[in-house]
Amino acid sequence: MAAWAERLSGVRGVLLDISGVLYDSGTGGGAAIAGSVEAVARLKRSPLKVRFCTNESQKSRRELVGVLQRLGFDISEGEVTAPAPATCQILKERGLRPHLLIHEGVRSEFDDIDMSNPNCVVIADAGEGFSYQNMNRAFQVLMELENPVLISLGKGRYYKETSGLMLDVGGYMKALEYACGIEAEVVGKPSPEFFRSALQAIGVEAHQAIMIGDDIVGDVGGAQQCGMRALQVRTGKFRPGDEHHPEVRADGYVDNLAEAVDLLLQHMDK
């Protein structure tokens, strides 16, 4: 008990991962993880600031929020920090015109972006779109550029759907890095800029915030690198070996979001 009180003291803001923490995606909209709907509601009734922080790149924010609302979650589009809008801002600021290797579900986020005569490649979780033809075209675009720029929406290895584990964008990103001899710019977790933008949105300093996620590297490690605390839930992509990871150790491990919220609210003012 004393250990938890020390780990959670002074927390004013909570960043929540979505996939694997709130719900598992999949056919029919996926399924809420037991206890997570009420856990989010309890957090939002508390004095704690809450921000949803996701690497979701198969759905637009609007579509993702719609799925979650239908599952019963209290969430709005403006409460979500996601990589596609952040990427669009970067593209505009730097005058980049992307060749897109992304899922059709997120393409609407790029409607205002100039894609003529591409001078970079943007890759996301394209799902079935990761064909040889599409990967090779992205490779060709990069190789034709004097200074190739590859932007990746996250770099996750895999995630969990209701039907099982699914390959994420990271493996495909690494293939293009290797083939082209370049290093991708990652927008999304574990990028420090991504976490900082989420914290800025709720007006909380890193040392006052805690991340709750299922990814030991992207969620936990990334948050800790920014000076935040982080809890790992034993849902979603969690594997038992995560608790013995050679490089990253969470500030605590909990069975699910409901347990994390119980602990946070119990020790909120201690």
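Every residue gets a Cβ built from N, Cα and C, even glycine.
Copied from Swiss-Prot, the annotated features are:
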- ASP17, SER19, ASP214: Mg(2+) binding site (BINDING)
- ASP17, ILE18, SER19, THR54, ASN55, LYS189: substrate binding site (BINDING)
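Everything Swiss-Prot records as a feature, shown here on the structure.
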{"residue": "ASP17", "record": "Mg(2+) binding site", "contacts (Cβ under 8 Å, 6+ apart)": "CYS53, THR54, LYS189, MET211, ILE212, GLY213, ASP214, ASP215, ASP219, GLY236"}
{"residue": "ILE18", "record": "substrate binding site", "contacts (Cβ under 8 Å, 6+ apart)": "PHE52, CYS53, THR54, GLU56, LEU64, LEU68, VAL80"}
{"residue": "SER19", "record": "Mg(2+) binding site", "contacts (Cβ under 8 Å, 6+ apart)": "SER25, THR54, ASN55, GLU56, TYR159, LYS160, ASP214, GLY236"}
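The DSSP secondary structure for SER19 (Mg(2+) binding site) is strand. All protein chains included, THR54 (substrate binding site) registers 24 other Cβ atoms within 10 Å of its own Cβ. Secondary structure from DSSP puts LYS189 (substrate binding site) in coil. Other Cβ atoms within 10 Å of the Cβ of LYS189 (substrate binding site), summed over all protein chains shown, number 29.
For the substrate site, the Cβ centre of ASP17, ILE18, SER19, THR54, ASN55, LYS189 serves as reference, and the other residues of the chain with Cβ at most 8 Å from it are GLY20, VAL21, PHE52, CYS53, GLU56, GLY213, ASP215, GLY218, ASP219.
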